[in-house]
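The next block holds one structure in the form of structure tokens; read it before the comments.
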Amino acid sequence: MKSLLLLVLISICGADHRSDNYTLDHDRVIHIQAENGPRLLVEAEQAKVFSHRGGNVTLPCKFLRDPTAFGSGTHKIRIKWTKLTSDYLKEVDVFVSMGYHKKTYGGYQGRVFLKGGSDNDASLVITDLTLDDYGRYKCEVIEGLEDDTAVVALDLQGVVFPYFPRLGRYNLNFHEAQQACLDQDAVIASFDQLYDAWRGGLDWCNAGWLSDGSVQYPITKPREPCGGQNTVPGVRNYGFWDKEKSRYDVFCFTSNFNGRFYYLIHPTKLTYDEAVQACLKDGAQIAKVGQIFAAWKLLGYDRCDAGWLADGSVRYPISRPRRRCSPTEAAVRFVGFPDKKHKLYGVYCFRAYN
């Protein structure tokens, strides 16, 4: 009797299983439960996509629907894209589409549209990418009372660099840190960006703000007092601090630029004011810290001449370590914030392309 009952149950389950198959592609079958299961499924074919500042990217998103649940299409399909904040507490509207009605929000206006590769394609194309476009995006599809979501991460090729102003180390609250990065053609880095930089070899013994409001620093060679001598390498976390009162350095992130970074050939050394004017006379502007890091990391720029930058610092980029030119490692070498009246250095300029 027990064997007969088991056989009956297996037969019923098998029948239900076969009746709820909907073939959507040549090689894909999705199983939708007729009673309580999802009648709408949203998925991203890639969890992460990569691009760079100034480039274009497609955030993949497709939806699969049960044709028996929605009939002949009496419900309009609504597609909404939002950007998630780093703490996942808020969503920033990016794009909404319902039939012929479409709306774009904020800085995305004129830069985003649906790919529309097929009837079930909700992929979003973003053009002329900016540093602020980095992050996680949510694709939401709504039809009638059914809805589902998928999340796609947009990663940008770039470089993370530590920064502190002329005042010295540990002088920036969170909001000042954000502005300091913006002033240097960069944005405040995320934890993921700092973590990737650490995996790439970044070692820095001063704690800095990150975009989520945490304070951390990357150590590849633990030592006293940098992470502790007998500890493992890693990204050290100071935790979350008061954004108004607490003061640290900052980790900035920048990406490819649309222009030319170069060391200006000049017959004499320059004061800071002379350096600014020399770049202007050459049809350019004095370069920013983010631009020297991007040229060094992304273009392999190498120059063993110390030069003024826009923030009043003096630095030089070395991609090929050699005697008297950063012999131990490839790096952007920091000379300091000298007296701006000293006539001791050259200048790095940046000419933007139209």
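Using the three backbone atoms N, Cα and C, a Cβ is placed for every residue, glycine included.
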**Q.** Per Swiss-Prot, the disulfide partner of Cys279, chosen from Cys205, Cys226, Cys349
**A.** Cys349
**Q.** Asn56 (N-linked glycosylation site) to Cys139 (disulfide bond) - Cα separation in whole Å
**A.** 18
Q) When the Cα-Cα distance from Cys325 (disulfide bond) is computed for each of the disulfide-bonded residues Cys181, Cys226, Cys252, Cys349, which gives the smallest value? A) Cys349
Q) What does DSSP assign Cys325 (disulfide bond), in three states? A) strand
Q. For the domain 'Ig-like V-type' (38-152), what are the DSSP-based totals of helix, strand and coil residues?
A. 10 helix, 58 strand, 47 coil
